[in-house]
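One structure is given below, encoded as structure tokens.
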Amino acid sequence: MKALLLLCCFLASLLLSGQAEVEDASEEAPLRDRSHIDKTLMLNEDKPADDYSAVLQRLRKIYHTSIKPLEQSYKYNELRQHEITDGEITSKPMVLFLGPWSVGKSTMINYLLGLEDTRYQLYTGAEPTTSEFTVLMHGPKLKTIEGIVMAADSARSFSPLEKFGQNFLEKLIGIEVPHKLLERVTFVDTPGIIENRKQQERGYPFNDVCQWFIDRADLIFVVFDPTKLDVGLELEMLFRQLKGRESQIRIILNKADNLATQMLMRVYGALFWSLAPLINVTEPPRVYVSSFWPQDYKPDTHRELFLKEEISLLEDLNQVIENRLENKIAFIRQHAIRVRIHALLVDRYLQTYKDKMTFFSDGELVFKDIVEDPDKFYIFKTILAKTNVSKFDLPNREAYKDFFGINPISNFKLLSQQCSYMGGCFLEKIERAITQELPSLLGSIGLGKNPGAPNCDKTGCGETPKNRYKKH
């Protein structure tokens, strides 16, 4: 018994001495200079934040008066599953962090915001530590917001997340932090991808939630650890979801100072070899190679290269912040183009149905024939003949089988019937927004003009603005 007691005391002393050595080592570990972060992101400037409220109010008015009526009338949200809220229009740029588990996503956010060793820092560790979707926003003081509260707040852009169920809302957390960078951008940390875990075990539709954030992100950081490149089925699914968003994707090879130069080159090549089948674009996404954490780079590594890569990433982030309004207006205009094309297609389906119907026809069979083979009735070719319709913007034909499967054709009116004496025609209003109102609003930002005032420089007040997008 005495020997056992002595053994326990000996082990305890070893643990305490080991812990003391770790603490001493962490205290002695030099921290790198952070001045380049504040300088590149212009966080040291005392100038007041730009007031974009007038532009955003004008943008919101254009959306509600010129785009949303046609969108609701032809149930566009049931085709694309992307409902635009006022909170999304007025929201700050969103930066999304994706990648396998324990690659340094949370550590990178802590580093960019300088949250290490503060009560604000995100929990990090070698094991999978993030099981929630964590949204970091600006606030006057540190505050944690439950997911169910975020979804219920219509002023925020997260109310549509309610459709993913209560199990997901329990895995959604908002954190308000009084940080200058968060006045201009919102960070979203995500659970790491674990290849040996089935999606069903999460208790909510993980891929669908990721798609929701991907569709709304202005910048997407896909983070990898060079010491464990594991490209499996879940990561393959993630890159499928990123199709069409290649311009927003930035791949980060984190913890690069853990490898020697030759090994780092091999890992860089192996990463592209693994991702090549998943990224089918001519120009690959930008890859940043660095180490995003507060400790200094390890000796005998390419610290100058890593620092330049980090500054390039910060410049990329700052560019997204600076172009916030331009990106928002371009996004709403692209949304309006898709809504217009959808309305034209539904109108064409309906017109074809009316043309083919006779007194003795079975309406259900007639419309089923049209939906099953729209090319037989020149549905899509007719729409391509319209002004300002690109074949690259046309939705998938298969999507309309599902759309009309839950929305009977009898629920819709022809576009020619969507007019009123006071309100005008829905189609004319959305076309005016696409060709005149939104380009004019975009031009007013660069010229520093009041977006509410008419622009008379080119057309002269009282004259009809020329359609710059119409072919002559």
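Even glycines carry a Cβ here, placed using N, Cα and C.
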Check each of the ranges 99-106, 243-250, 451-458, 459-466 against Swiss-Prot and return the one annotated as region 'G1 motif'.
99-106
Region 'G3 motif' per Swiss-Prot: which of the ranges 189-192, 301-304, 373-376 is that?
189-192
For the feature region 'G4 motif' as recorded in Swiss-Prot, pick the matching range from 82-85, 114-117, 254-257, 386-389.
254-257
Residue counts (helix, strand, coil, in that order) that DSSP gives for the region 'G4 motif' (254-257):
2 helix, 0 strand, 2 coil
